[in-house]
Structures are given as structure tokens and as C-alpha cells.
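A short worksheet on the structure shown next.
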Amino acid sequence: MKRRDTIVRYTAPERINHWITAFCFILAAVSGLGFLFPSFNWLMQIMGTPQLARILHPFVGVVMFASFIIMFFRYWHHNLINRDDIFWAKNIRKIVVNEEVGDTGRYNFGQKCVFWAAIIFLVLLLVSGVIIWRPYFAPAFSIPVIRFALMLHSFAAVALIVVIMVHIYAALWVKGTITAMVEGWVTSAWAKKHHPRWYREVRKTTEKKAE
């Protein structure tokens, strides 16, 4: 494929940032399910032993949060809701049958919902996780607070897992999306179809640099 037929969607640092977050999520989610459901205790072996999993789980969670915060500051301005997103949401039936609508920028309304849901649930996980983190912080809180934090942590964890499952499904559903995060590039045709406004902005910037 000729270079002019592709567009850089994610740079190497952006992709590394994404996959660090993804790797930490897998470790935290799998070990967390082992904590939450007794029948899934064997999942904790992903970190070695159940005892080691209980020690490492919160540290992995902190790394995941820190990594996602970097992503947040990189992309928050691309995820602000606008009129095109409302139009996109109103035509969700067309989206389901793989028909693109509206003048979508770098991210569509669905991707923006995933982004904001992820940051909300990650904040809840961090706050509740700190409260229940033994032996460092839990002793500073009362039993009722710890119990509430445990429920909140469990809810936020399951909710985030669902959000990420939707994220993965959408990435697999839209052909060419995985390539963007693995290799960093997308075809011009892909960009024109799925993110026309972003495509025009990138082309305009590229043309200015070439002058």
C-alpha cells in the first residue's frame, strides 16, 4: 500500500500507552473476578497465587489509572459532545446496520460514551480501592464506610468490564479499527467513511506542513 493512501491515527507512544492500560485492565479484571466470585478463585492464579494477587491487584489498579489519566489528557478535547454526536445518536439504527451518518470527527458518539464511562468508573474504582486497601489505608476508615466502598468497588468493576467489552466488540466490528491501535495507521478510505471531519482536518494539516 502506498504511503499516501494511509493516515497515522496513533503514534507509537499513544499505542504503548493504550496497551499498558489494556494489560493492566486484564490483570486487574481477571484477579478481581476471582475476589468477587468464589467459584472463580482460580482466576487469581494470573498473578501467581491468591495471596500474591491480593497484594499486587491494587498496585496494578493504580498503574492502570495513571496510564489512563495520560490518555485522558491526550484525548479529552476530542471527546467533547457536539451537535454531530446528537445526530449520530438519533440515527443509531443506521449505525447498527453499518451505515455511517453525520460528519464525525476523530471519535464518534459511541466512542465518546465509552471514554467518559471509563474515566467515571476508574475514578470510582480508585477512590473505593484506596478505602479498602489493606494494610495501608483501610484501618483509617470505619467498617460501614469500608462495606460501602466494597459494594461501590464491585459495581464499578463490573460496569467497567461491560464498557470494555463493548469497546472491544466495536473495535472488532468495524474493520480496520484494530490496525489503527496495533500498527498506528488507517487507510484514507476508512477515515473518509468512519471519521470524515477528522480526515479533512488531518489532510489540511498535512498539506500545510508540505507547503
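Glycine is no exception: its Cβ is also placed from the backbone N, Cα and C atoms.
Now, the feature entries from Swiss-Prot:
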| type | residues | note |
| --- | --- | --- |
| BINDING | His18, His167 | heme b 1 binding site |
| BINDING | His57, His153 | heme b 2 binding site |
| TOPO_DOM | 1-17 | topological domain 'Cytoplasmic' |
| TOPO_DOM | 33-53 | topological domain 'Periplasmic' |
| TOPO_DOM | 73-112 | topological domain 'Cytoplasmic' |
| TOPO_DOM | 131-151 | topological domain 'Periplasmic' |
| TOPO_DOM | 171-211 | topological domain 'Cytoplasmic' |
| TRANSMEM | 18-32 | transmembrane segment |
| TRANSMEM | 54-72 | transmembrane segment |
| TRANSMEM | 113-130 | transmembrane segment |
| TRANSMEM | 152-170 | transmembrane segment |
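In this view, the densest Cβ surroundings among the binding-site residues His57, His153, His167 belong to His153, judged by other Cβ atoms lying within 10 Å.
In the topological domain 'Periplasmic' (131-151), the DSSP tally of helix, strand and coil residues is 13 helix, 0 strand, 8 coil. Taking H, G and I as helix, E and B as strand and the rest as coil, DSSP gives the topological domain 'Cytoplasmic' (73-112) the counts 23 helix, 0 strand, 17 coil. For the transmembrane segment (113-130), the partner stretch with the highest count of Cβ pairs under 8 angstroms, out of 18-32, 54-72, 152-170, is 152-170. In this view, His18 (heme b 1 binding site) is surrounded by 18 other Cβ atoms within 10 Å of its Cβ, with every protein chain counted. Beyond its flanks by at least six residues, the topological domain 'Cytoplasmic' (73-112) meets 14, 17, 170, 193-198, 201 of its own chain at Cβ-Cβ distances under 8 Å. Away from its own ends, the topological domain 'Cytoplasmic' (171-211) comes close to residues 1, 4-12, 14-15, 18-19, 84, 100, 103-108 of its chain (Cβ-Cβ under 8 Å, at least six residues beyond either end). Cα of His153 (heme b 2 binding site) to Cα of His18 (heme b 1 binding site): a span of 23 Å. For the topological domain 'Periplasmic' (33-53), same-chain residues at least 6 beyond its ends with a Cβ under 8 Å from one of its own Cβ atoms are 27, 60, 154, 157-158, 161. DSSP assigns His57 (heme b 2 binding site) to a helix. Counting only the Cα atoms, the space from His167 (heme b 1 binding site) to His57 (heme b 2 binding site) is about 23 angstrom. With a threshold of 8 Å between CB atoms, the same-chain residues lying at least 6 positions outside the topological domain 'Periplasmic' (131-151) that come near it are 58.
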